[in-house]
Amino acid sequence: MNVFGLVVNLNKKEVDEVAGQIIRWLEINGCRVLMEEETARSLGLARLGVPQRQLVEQAQCMLVLGGDGTLLRTARRVAFSGTPVIGINLGHLGFLTEIDIPDTFPSLRKLLDGQYYIEERMMLEARVIRQGAAVEKLLGLNDAVITKGAFARISYFEMYVNDEYVNTYSADGIIIASPTGSTAYSLSAGGPVVTPELDLMLITPICPHTLWARPMVIAPDSVVRVDVLKGGGEIMLTMDGQHGFSLRRNDQVVVRRAEKRARFIRLKSRDFFTVLRKKLEGNRDNAKGTE
């Protein structure tokens, strides 16, 4: 592995200095570094810039400098090529990023020496069907979320699993999540935590107006269909909280397991529950700080 695609979140503090150090280290160690043209120009490194398609085709590994959000975006972009991704964390505690800043160069040395393994994660595909025709197709790693806008009235959704009627929900929305997404929006809405090596789908209603509406765990090969019955205002489909599509009354959203899988480079055995505990404790401490 000696051709790296470097993806940089330019909004992170001191990212230009960190990126420069990483690029110099990789080049000194005989590696080639590629970046998106716009990012390369922003960092004063236009010589490294290539078109997006060339970046994905030529890079043997995508090295992401940012947080989990940047890693999610990159994982979706490269899923079709099967390019593995590894993240250097510049954000808060991350579930997906692998390397912390103090460990950057020892970790890169392990990577060059082949001391790593590939962890695959299930992804989701969502299609919007409007008047019998597919009008949008989206790919996600965490979740597909159907939700009303901030000022919209209660919405009504009819849900089917494998063409079998499940229920009609009066709710703020519905989350269909992967195991990776179980610790994201679904968790905040009362869904269960699922370890990421499993293949399954989670369905979590958002603020349902009935006490009996509860989260569900279903088989990974299930096909979930949500019919938008009515709603007073804007209703959106969002994937991973980053890519959205506006829905209309009578639209159908069909969610299934994607054919492609996200591929993450791991340098060490990950203790999922330690990371989970730290995240939950961090949220608790933040809540105390607002009292």
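We count from 1, first residue shown onward.
Any Cβ shown, glycine's included, is placed from N, Cα and C.
Secondary structure at Arg73 (NAD(+) binding site), taken from DSSP and collapsed to helix, strand or coil, is helix. Feature annotation from Swiss-Prot assigns NAD(+) binding site to Asp68, Gly69, Arg73, Asn142, Asp143, Arg153, Asp172, Thr183, Ala184, Tyr185, Ser186, Leu187, Ser188, Gln242.
Summarising the annotation, Swiss-Prot assigns active site, proton acceptor to Asp68 and lists sequence analysis as the type of evidence. Under the three-state DSSP scheme, Asp68 (NAD(+) binding site) falls in the helix class. Sequence-distant neighbours of Asp68 (NAD(+) binding site) (same chain, 6+ residues apart, CB-CB distance under 8 A): Gly87, Gly91, Gly94, Phe95, Leu96, Thr97.
The NAD(+)-binding residues named in the record, Asp68, Gly69, Arg73, Asn142, Asp143, Arg153, Asp172, Thr183, Ala184, Tyr185, Ser186, Leu187, Ser188, Gln242, extend over a maximum Cα to Cα distance of 32 Å.
DSSP classifies Ser186 (NAD(+) binding site) as helix under the three-state reduction.
In the three-state DSSP reading, Asp172 (NAD(+) binding site) counts as coil.
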